[in-house]
Amino acid sequence: MVQYIARRLLLAVPLLFGLSILAFAYVRVIPGDPVTAMLGVNSDPELVARLRDQLGLNEPWYQQYTSWLGNVVTGDFGLSYRSRMPVSDILIDRIPATLELALGGLLVGLLIAIPAGLYAGFRRGSRADNVITGATLVGLATPGFWLGTLLMLLLALQLGWLPSQGYVPFDVDPAQNLRLLVLPALTLGLAIAPYLARLTRTAVVETGGEPSVAYARAQGLPERTVARTVVLRISIPSLIVAVALTVGFLLAGSIIVEELFNWPGMGRLVASGVSERDYPMIQALMLIYGVIFIVVNVIAEVLQGLMDPRVRLT
């Protein structure tokens, strides 16, 4: 098992290195110039040249990359072009709000998707399976911003059950924090639930063909007992991977949800950083989002290996 964990950790190293290259290259291929975004299109050329030199943008790209990567290793993401504040300090203030939203959205998604996926998988081909499968297709085709707007109009503006926008830290007012969290977490959870439900259904259907399931049925066990004690137990490793795969949807969906509900997390920094060509901020956000995705999937693979020894052989 130790060797299996070591292999997974070693495989993550080139992924992290490639991620750093991707983050560095992305900001330099998107249209627009950061200096022009800061000073305006009609700025003095001499002032533009001086600022580019101060920001190190006149250096060769490989020098910029090695300098940036060396600082990142020490936890220094540089200064934001917009605020001239350390990017790491800005992110420290925003990460808790994003984690709170992501965990809330994941909880909502799990409460909806896991029961629906299990029910559809256990009753493959039934009317209930067709209804749930159709609902997941509709859910996958529904834009997150449209869903969030609809929930805001219905639950906040029409019925007045919940506040529409804003954020209050949990340590300041726990009750108001949870009230403000409901709408964005519900939007994010409903957005990932169709994807997670389909993965859950697929895991259950595939598990139904395992030899141990056929053996349990041959012993004359009731179908409900087979589903609960055999199929569900064998499906758990696949369900863990399914949950890990939804992290990408959570991270991408949080950008839209945070903008819509005025939630002060990292997602709002993505939108402002891209529009203002804030290179240090965009690079740091891409790196952090990528690291979160890689770490979660490594943990999922390790847990899967602990529960299913066959996985360790791969």
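Positions of Cβ are set from backbone N, Cα and C atoms, glycine also.
TrEMBL entries are annotated by machine, without manual review.
Feature annotations, reproduced from TrEMBL:
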- 95-300: domain 'ABC transmembrane type-1' (DOMAIN)
- 101-122: transmembrane segment (TRANSMEM)
- 134-157: transmembrane segment (TRANSMEM)
- 177-197: transmembrane segment (TRANSMEM)
- 238-261: transmembrane segment (TRANSMEM)
- 281-303: transmembrane segment (TRANSMEM)
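The highest tally of CB pairs under 8 A with the transmembrane segment (134-157), across 101-122, 177-197, 238-261, 281-303, is held by 177-197. Sequence-remote contacts of a segment are chain residues at least 6 beyond its ends whose Cβ falls under 8 Å from one of its Cβ atoms, and for the transmembrane segment (281-303) they are 4-5, 8-9, 12, 15-16, 19-20, 22-24, 26-27, 68, 72, 77-78, 80-82, 87-88, 90-91, 237, 240-241, 243-245, 247-248, 251, 266, 269-270, 272-274, 311. Panel annotation: around the transmembrane segment (101-122), residues 128-129, 132-133, 135-136, 181, 184-205, 208, 227, 231-232, 235, 239, 243, 246, 250-251, 253-254, 257-258, 263, 265 of the same chain, lying at least six beyond its termini, place a Cβ under 8 Å from a Cβ of the stretch. Within the chain carrying the transmembrane segment (238-261), a Cβ under 8 angstroms from the stretch's Cβ atoms is held by residues 97-98, 101-102, 105-106, 109-110, 114, 144-145, 148-149, 152, 164-166, 183-184, 187-188, 191-192, 195-196, 199-200, 203, 206-207, 267-268, 270-271, 289, 292-293, 296-297, 299-301, 303-304, 307, all 6 or more beyond its ends.
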